[in-house]
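Quick look at what TrEMBL lists:
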type: BINDING; residues: CYS26, CYS30, CYS33; note: [4Fe-4S] cluster binding site
type: DOMAIN; residues: 12-231; note: domain 'Radical SAM core'
Amino acid sequence: MSENGSGAPHQPGPPLWLLAELTYECPLHCPYCSNPVNLGSREQECDTDTWLKVLSDAREMGAVQLGFSGGEPLLRKDLEQLVAHASGLGYYTNLITSGIGLTEKRIAALREAGLDHIQLSFQAANADANDLIGNKRHSFEQKLKVAKLVKRFEYPMVLNFCLTAQNIHQIEEVMALCCELEGDYVELATVQYYGWAYLNRDHLLPSQAQLIEAEAKVNVFRDKQDGKGPHFIFVTPDYYEERPKACMNGWGTTFLTVAPDGSALPCHSAKILPLTFPNVKEKSVRDIWFDDFAFNHFRGNDWMQGPCETCDEKDLDFGGCRCQAYMLTGDMYKTDPVCSKSPDHHLMAEAVAKSQTPERELVYRDPKVKIPITEI
Ligand code: FES
């Protein structure tokens, strides 16, 4: 055991990637959102000074990449101030946005403030499906305008499409749209099941046949690109894999997420775990990162049980995702059931089977709204 008694064998390096979730408020209500089901209130959000200090402290420790995310970060009036501060500190700054509310005036102000990069999400490749999934009329139209603005202001542009059983059949349409919009990179990301997406998993999870067909279409499309146009990245869901992902590149090694209320987390989902997480309103980022019990809890290998404990791949995947292990087995110390070596691996096949006949209605991210969108 280490000197901190947590099982972390070495002093970790600094957090390299800081995700600042400025607010969970969002104009869209996507049922695949990975935000927690308990969204909290705006009154709990960190104020500007708290964020400025978090940015300074993490940068001083060595953080280099900064994502402004949410919810919708554009809903924070101090976004430009935070971007300017981060840019002055030398971060590479990325705005992760739905695009709703990104006017020409605002994009110019963000450029002036030093924003480096914009990631713009779409819900689908046409207005009907896009607006239905996000539960907001005319949002597709607005996103098209924003994509043009992003290019006009010469930002590198990542386009993000979350793929589910509802829209995965439109993947060729999606790729054609990305070419038209001149995206630099495109994430064709089948949803990861956390937060609202986990709640709605039985509706959202594509079948294996849908996935195979989609991947084949992506490959054909890529071949025709002949090296031109966007770089497409196709991300498959864990549920059909045999080995777990090295979640967050290992707990507490690289990523630090600060939630809107100031909770400091090793990943965006960690609050679901039966651990107490620190808050940047009460502790410095340095104290949190190096000394907090929750951050040290899954560092290193001492926490592992079988089969991870003796597995020769444990330094590659770190036992997989702690949040997924907890959601699926109720035990955060277990091997991620995605792994075929896990005695719980059958849970994945059971989840896939269950997804063919969802037992209850799909819910939008806003719990007040309940509209089935199973047919698009
Ligand atoms: Fe929390 Fe994987 S999302 S450890």
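Every residue, even glycine, has its Cβ placed from backbone N, Cα and C.
TrEMBL: automatically predicted annotations, no manual curation.
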Report task. Restricting to the domain 'Radical SAM core' (12-231), report the mean pLDDT as a whole number. Result -> 96
Query raised in the report: What other residues of this chain sit with their CB within 8 A of the center of the CB atoms of CYS26, CYS30, CYS33, the recorded [4Fe-4S] cluster site?
Result: LEU28, HIS29, PRO31, TYR32, ASN35, GLY71, SER98, GLY134, TRP196, ARG365
Query raised in the report: Using a Cβ-Cβ cut-off under 8 angstroms and a sequence gap of six or more, which residues of the chain neighbour CYS30 ([4Fe-4S] cluster binding site)?
Result: GLN123, ILE133, GLY134, ASN135, CYS162, TRP196, TYR364, ARG365
Report summary line: Note: among binding-site residues CYS26, CYS33, least Cβ-dense neighbourhood at 10 Å is CYS26
